[in-house]
Structure formats: C-alpha cells, structure tokens
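Listed in TrEMBL:
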- 1-25: signal peptide (SIGNAL)
- G113, W114, T115, G116, T117, G118, K119, N120: ATP binding site (BINDING)
- 283-340: domain 'Torsin-1A C-terminal' (DOMAIN)
Amino acid sequence: MKLRRGALRAALALVLLPLLTPAGAVEPISLGLAIAGAAASALTGFISYPRLYCYFRECCLHRHDQRAAAALQQNLDKKLFGQHLVSKVVVKAVKGFLNNTNAKKPLALSLHGWTGTGKNFVSKIVAESIYKRGLQSKYVHQFVATLHFPHAHSINLYKDQLQSWIRGNVSICPRSLFIFDEMDKMHAGLIDSIKPFLDYYELLDGVSYRQAIFIFLSNAGAEKITEVALDFWRNGRTREDIQLTHIQNALSVSVFNNKNSGFWHSTLIDRNLIDYFIPFLPLEYRHVKMCIRVEIESRGYTVDEDIVSRIADEMTYFPREERIYSDKGCKTVDAKLDYYYDF
C-alpha cells in the first residue's frame with residue numbers, strides 16, 4: 001500500500017507540476033518532455049506491479065480466491081432465505097473450485113426451482129464474490145435463452161456463435177464466468193455445443209477451460225423438488241432435514257427426460273459433466289416475510305410488521321389445500337412495496 005500511494009503521489013505530482021510552476025520558469029518543450037518521460041516511467045512502474053494495475057483497472061479474477069469464497073459465504077448467509085441446500089452446496093463447490101490449483105475440468109452448476117426462489121439472485125452473488133463489478137464485469141457473460149437464442153431455425157448459427165464467444169473470452173481470462181438463464185426455454189441440442197469446453201481436456205486448440213465456471217438456471221425439475229419438500233412436510237419433518245442426496249439424482253433424471261428443458265437428452269448430463277444439480281426449495285410464508293423485511297430496509301425505511309404481513313398475505317400459495325408455498329416466491333415483493341411506499 002505504501003508503494004502504491006507513493007507511486008500515485010509521484011505520478012500526480014508530475015501531472016500537476018505544469019499547473020504549479022510559474023510561467024517562464026523553464027523552457028516549455030523541455031519541461032513537457034521531462035514530464036512525459038517521468039510520467040511514463042511512473043506508469044510503467046504501475047503496470048509492472050499487477051496488484052497496483054488491478055487497483056485502477058479490472059483484472060481477471062479480481063479478488064483473491066480466499067476473499068471470493070469468504071464474500072460468497074457472507075452474502076449467502078445474509079441475503080438468501082429458506083435455501084439451506086443452496087447455501088451449503090454453492091459455497092462448498094465454488095470455494096473448493098477456486099482453491100483447486102489443478103482442476104481437471106471447469107465447474108458446472110445447474111440451479112433448478114420455481115420462479116422467485118433465488119436462482120438469479122444466487123448467480124448474481126457468485127459473480128459479485130469473484131468480481132467487484134459482478135454481472136457488469138467484462139469477465140462475466142450472461143445468456144438468456146429467449147433473448148440471445150430466440151429462433152429454432154438459427155440453432156446452427158447460435159452454436160457457432162456460442163462456441164466462438166466462449167473460446168475468445170476464456171482465451172482472454174481463464175477464470176471467465178458464464179451464466180445461462182431460462183434453460184427450460186432453450187432449444188434442445190444447443191447447449192450440447194459447449195460440451196467440449198466442459199469436458200476433461202487439458203487443452204483445446206491451445207486453450208485451457210479448466211478455470212472457467214458455468215452456471216445454468218432452469219425451472220425444469222421444480223415439480224420434483226416440490227414433491228420431495230411436500231413429502232417431508234406431510235411426514236412431520238422440517239425442510240432443513242432435506243439433504244442433497246434426497247433430490248439430486250431424481251432431479252437430474254427429471255431434467256434429462258423433460259422435453260421442455262434445454263437439457264433434454266443432453267450429453268452434458270449423459271457424460272456427467274454437470275458437477276451439481278442444486279435444488280431451490282419452494283419458499284414458505286415465513287421466507288416471503290424475510291424477503292419483504294430486507295427489501296424495506298434496503299429502501300431506507302423502518303420495517304413495519306403490519307405492512308410486512310399485509311404484503312405476505314396478498315401472495316398466493318400452493319398446494320390449494322395446504323397453501324404452504326408461495327407460487328411466485330419473492331419475485332413480486334419489489335412491485336408490491338411500490339404500492340405501499342409510493343409517496
């Protein structure tokens with residue numbers, strides 16, 4: 001830090017010198033050359049120290065692996081509700097991968113569950129834990145099926161474009177993060193075009209993909225997840241009793257055989273290239289209230305429990321008889337708060 005501040009002061013002093021020196025004190029051209037040479041030397045010093053350079057410009061893997069894992073754990077613990085499996089598995093998977101100096105393949109996570117249960121939110125937190133700019137980072141790449149791959153007749157073109165994009169960006173930054181949203185709306189077979197990048201190859205055309213991270217988001221398999229959660233509830237067991245082993249295998253099979261899933265008969269599943277199928281449990285009434293409180297606080301308001309209850313009560317819940325789970329999770333909380341705090 002002393003070196004950084006000292007070099008910064010020196011560079012600023014050189015830049016400001018012409019403004020502080022009395023007119024006519026030295027010959028202008030000579031002074032300009034001296035300043036340019038000294039400034040270039042100072043900037044060269046900056047570039048020669050990667051940490052100093054990355055202080056001013058975003059770099060590949062902006063945060064140290066340990067710091068990224070700690071940030072991920074802290075944010076999930078603080079901001080994610082009702083998803084004990086997600087918190088446990090995502091932290092374990094990402095932390096282990098970031099700390100592995102000899103990974104055999106890229107990390108591939110597939111997040112599944114109903115809308116509003118936190119899939120996009122978690123992928124955002126993962127991005128922010130690795131890069132300060134999060135989803136805005138030039139090393140984080142987000143694809144939305146209905147936006148980026150809308151036409152079935154263009155699937156071959158999409159395959160070529162997708163492969164070129166991944167190859168080019170991993171060549172620039174091995175620790176690139178790719179997020180694929182709306183996998184349940186993606187054309188079958190398209191995602192298989194990236195299979196070589198997820199496989200156990202040391203190099204492909206001179207490029208290693210072993211440090212990259214791929215995250216897939218899908219509603220596919222939500223019915224199977226709800227089925228397991230309901231079985232636990234009806235048998236008097238808490239949702240916290242649910243373990244990954246209770247769901248993961250059935251979830252992967254369900255997604256593989258779902259014709260409305262971008263993973264339908266996908267080689268990524270058939271070849272076991274997805275490291276974790278992560279279930280997002282449907283959110284209960286109490287979790288919706290947690291979401292409402294956090295959103296109110298984020299807007300700078302004092303939490304009013306009457307408003308919290310009124311908003312939570314306005315949500316619709318399923319199954320029809322038990323009314324346990326919010327059918328939109330926390331997705332409409334923000335819009336409903338606009339009604340109560342529109343002043």
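Using the three backbone atoms N, Cα and C, a Cβ is placed for every residue, glycine included.
From a predicted model like this one, the values you see are computed outputs, not experimental measurements.
Structure coloured by features recorded in TrEMBL.
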residue	record	Cβ contacts under 8 Å, 6 or more apart
G113	ATP binding site	K119, N219, G221, A222, I225, P279, F280, L281, P282
W114	ATP binding site	N219, A222, I225, T226, F280, P282, Y325, D327, G329
T115	ATP binding site	N219, K328, G329, K331
G116	ATP binding site	L283, S326, K328, G329, C330, K331, T332
T117	ATP binding site	Q83, F280, L281, P282, L283, G329, C330
G118	ATP binding site	L80, F81, Q83, V86, F280, G329, C330
N120	ATP binding site	D181, L217
Overall pLDDT for the domain 'Torsin-1A C-terminal' (283-340), taken as the rounded mean = 93
Message = Neighbour count, 10 Å Cβ-Cβ cut-off, for K119 (ATP binding site): what number do you get?
response = 26
Key: Number of helical, extended and coil residues in the domain 'Torsin-1A C-terminal' (283-340), per DSSP   = 32 helix, 5 strand, 21 coil
Inquiry  = With an 8 Å cut-off on Cβ distance to the G113, W114, T115, G116, T117, G118, K119, N120 Cβ center, who else from the chain surrounds the ATP site?
reply    = F121, N219, F280, G329, K331
